[in-house]
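Below is one structure, written out as structure tokens; comments come after it.
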Amino acid sequence: MTVALGFRDLGLIDYETAWHAMQRFTDGRGREAADEVWLVQHPPVFTQGQSGKAEHLLLPGNIPVVQVDRGGQVTYHGPGQLVAYLMLDVRRLGFGVRDLVTRIENTLIALLADYGVKAAAKADAPGVYVDGAKIASLGLRIRNGCSFHGLALNVDMDLEPFRRINPCGYAGLAMTQLSDQAGQIEFSEVSARLRAQLVKHLDYAEQATLTGGINHYD
């Protein structure tokens with residue numbers, strides 16, 4: 001069991017700032033570098049993964065579209081969505097890609113169960129769903145045995161922009177969020193519960209709070 005998983009709470013941050021910092025963190029880390037999770041929210045943005053197709057961007061309007069290097073297709077990020085970027089040395093952890101995805105999905109399913117929400121994964125469509133509606137998305141990149149990008153959980157946000165795309169490449173895919181399933185919730189509490197579940201499901205002994213920003217990576 002790895003000793004500690006470090007968490008850096010960055011608040012509301014521009015998507016491209018976080019993305020480029022993730023790339024530099026991953027490219028510059030040594031074999032002994034500690035793993036980190038960055039917890040963020042983003043201003044409104046669509047991101048198009050490596051499998052993305054232009055026809056799945058229906059009416060983006062004034063929301064910017066960023067082509068990125070993660071797996072998957074198009075998704076939306078906005079305030080009220082909890083995004084966790086997972087910078088993990090998966091070789092050191094001994095995880096295969098499928099195993100890592102399953103562990104992340106199980107993390108989210110357990111978190112939602114804490115709020116009395118019954119969720120499930122789908123074998124052919126990564127992410128987590130409640131009664132067929134998607135509540136959390138996954139998108140990862142593995143480089144030199146290390147992961148970056150991560151998960152996005154809809155907590156309490158404006159879901160309208162999802163109707164401007166085919167989320168994750170699926171036309172008409174319904175989206176939902178935790179506040180619609182569990183009523184009034186505290187975003188900070190959801191974040192704290194996510195931290196605990198990630199530590200458990202990724203086999204770390206404990207969590208650590210990291211201070212400082214990521215400006216030295218951008």
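Including glycine, each Cβ sits where the backbone N, Cα and C put it.
Annotation comment: Swiss-Prot describes Cys168 as active site, acyl-thioester intermediate. The annotation substrate binding site is assigned in Swiss-Prot to Arg70, Gly71, Gly72, Gln73, Val74, Thr75, Tyr76, His77, Ser137, Leu138, Gly139, Gly150, Leu151, Ala152. The domain 'BPL/LPL catalytic' annotation in Swiss-Prot covers 31-206, and the record cites sequence analysis as its basis. For Lys134, the entry in Swiss-Prot reads site 'Lowers pKa of active site Cys', with the evidence type sequence analysis.
Among the recorded positions listed here, namely Arg70, Gly72, Tyr76, Leu151, Cys168, Cys168 has its C-alpha nearest to that of Lys134 (site 'Lowers pKa of active site Cys'). Cys168 (active site, acyl-thioester intermediate) and Leu151 (substrate binding site) have their C-alpha atoms 13 Å apart, to the nearest angstrom.
Across the residues annotated as binding substrate (Arg70, Gly71, Gly72, Gln73, Val74, Thr75, Tyr76, His77, Ser137, Leu138, Gly139, Gly150, Leu151, Ala152), the widest Cα-Cα separation comes to 16 Å. In the three-state DSSP assignment, the secondary structure recorded for the residue listed as 'active site, acyl-thioester intermediate' is helix.
In the structure as shown, the Cβ atom of Cys168 (active site, acyl-thioester intermediate) sits within 10 Å of 23 other Cβ atoms.
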